[in-house]
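Structure, as structure tokens:
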């Protein structure tokens, strides 16, 4: 064993010596590096400093267009950071110098123009660094590389980049945004001036200006104003409203053809599909949120809603106040629902597009036959049936949620409506009306239709409060 180790040592020593010689191939390198003997960097050095061929002393690097390479002696110029030494003696200007004895010029590895923080466009990053170094030597602020491409111009996209390949959400938004509208409702105050009292969203379904939105967005029958993505505004007329389905159709008279959105088939949706919600929450136009389909068509049986017209798509895409009426779309840009309500963070609902399709067909038939609907009663509230499962989930998300497992859970109270005037608030749970126990949202709807006045008992926190609400008659 000792003999084997001795033989191995004898073989390796020359190899290690060779490695040292290869590292110190440059003529003139000292045996040991003493940095105290290194010459100072010239003050006019603009390409930055690098270590010399001996990996010992910092020296001024050759800049773009300056000579490089040489005979392999200490002191031969070497290119600075971001540059490479290229020769042009018959082997091409971009061939990197790899052989001793060759000389060339330093060229920038990148030929892409760039923009500096001084607002100037540079041929490449190397030129920017050279100008920045000069500025610092003159006690001026450095120039920062802030953008690929010339100043004032967008960077040319690389089709192979991850951003280009996987930005499918942005592609969807770019496709659908022109057909999404912002809706504002106005009423006159005591001084006979119009003031905005509510807002929402909608989307164009016909080139001549038909727009779909939620019924609760426009049900107050105030003056309705629609603003397009271009900023142009129009007064809208309410063409049809289905309070039960919470869908409305309004129309604007625009002088040009409008971009439209097509309906997809919500019946084909699968849990886990990506969806995009777009609208105007808090009057912030074209606000985009994304998520997945949590459950397809969660409705009557699971939410305790006896009315089969109130089926929902559940999604974790955020839907806020003002986002209502905007489209929920799939990755093909097809509308698969109307953004309708948010129960709590991560639990939002949309009316399925198949329901929208049915509403549009019925609306067309009604208008074709000249049918008019009777007036409907309205209190201005959105609610859903409180089930034990939903109550448990809400208690986990809201510490102050009342200790109740049935009733009608109030999701939103629309401003300037009988519900608000009567004192009803968001997150209240309606537990009885006119002495009758309330176990579902449908019970409340029935009471609104049949009773002139509602004496409602609501659970707010851990307190029962009695409210009086007078339903208002509205045109459909």
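For all residues, glycine too, the Cβ spot is worked out from N, Cα and C.
Swiss-Prot lists 29-54 (among others) with the feature disulfide bond. Other Cβ atoms within 10 Å of the Cβ of residue 54 (disulfide bond) number 15 in total over all chains. In the three-state DSSP assignment, the secondary structure recorded for residue 54 (disulfide bond) is coil.
The disulfide bond annotation in Swiss-Prot covers 33-56 (among others).
The disulfide bond annotation in Swiss-Prot covers 38-57 (among others). According to DSSP, residue 38 (disulfide bond) sits in a coil region rather than a helix or strand. Taking Cβ-Cβ distances under 8 Å and a sequence separation of 6 or more, the neighbours of residue 38 (disulfide bond) in its chain are 56, 57, 58.
The local packing around residue 60 (disulfide bond), expressed as other Cβ atoms within 10 Å of its Cβ over all shown chains, amounts to 20. Residues or ranges marked as disulfide bond in Swiss-Prot: 45-60 (among others).
Here the Cβ of residue 68 (disulfide bond) has 24 other Cβ atoms within 10 Å, regardless of which shown protein chain they belong to. Annotation comment: Swiss-Prot describes 68-85 (among others) as disulfide bond.
The Cβ of residue 79 (disulfide bond) lies under 8 Å from the Cβ of 47, 61, 62, 68, 85, 106, each of these being in the same chain and 6 or more residues away along the sequence. In the three-state DSSP assignment, the secondary structure recorded for residue 79 (disulfide bond) is strand. Annotation source Swiss-Prot lists disulfide bond at 79-106 (among others), citing sequence analysis.
Taken from Swiss-Prot, the feature region 'Serine protease' applies to 200-360, supported by similarity to another entry.
In the three-state DSSP scheme, residue 216 (active site, charge relay system) falls into the helix class. All protein chains included, residue 216 (active site, charge relay system) registers 25 other Cβ atoms within 10 Å of its own Cβ. The active site, charge relay system annotation in Swiss-Prot covers 216 (among others) and rests on similarity to another entry.
Residues or ranges marked as active site, charge relay system by Swiss-Prot: 246 (among others).
Taken from Swiss-Prot, the feature active site, charge relay system applies to 324 (among others), supported by similarity to another entry. Taking Cβ-Cβ distances under 8 Å and a sequence gap of 6 or more within the same chain, the neighbours of residue 324 (active site, charge relay system) are 200, 201, 213, 214, 216, 217, 279, 338, 339, 340, 341. DSSP classifies residue 324 (active site, charge relay system) as coil under the three-state reduction.
Annotated domain 'PDZ' per Swiss-Prot: 361-463, in sequence order, evidence recorded as sequence analysis.
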Return only the integer: C-alpha distance in Å from residue 54 (disulfide bond) to residue 45 (disulfide bond). 20
In angstrom units, rounded to an integer, how far apart are the Cα atoms of residue 33 (disulfide bond) and residue 60 (disulfide bond)? 18
Spatial neighbour of residue 29 (disulfide bond) that is closest, considering only the recorded positions 45, 60, 246 and their CA atoms: 60
Alpha-carbon spacing, residue 246 (active site, charge relay system) to residue 60 (disulfide bond), which is rounded to whole Å: 74
In terms of DSSP three-state secondary structure, what is the assignment for residue 246 (active site, charge relay system)? coil
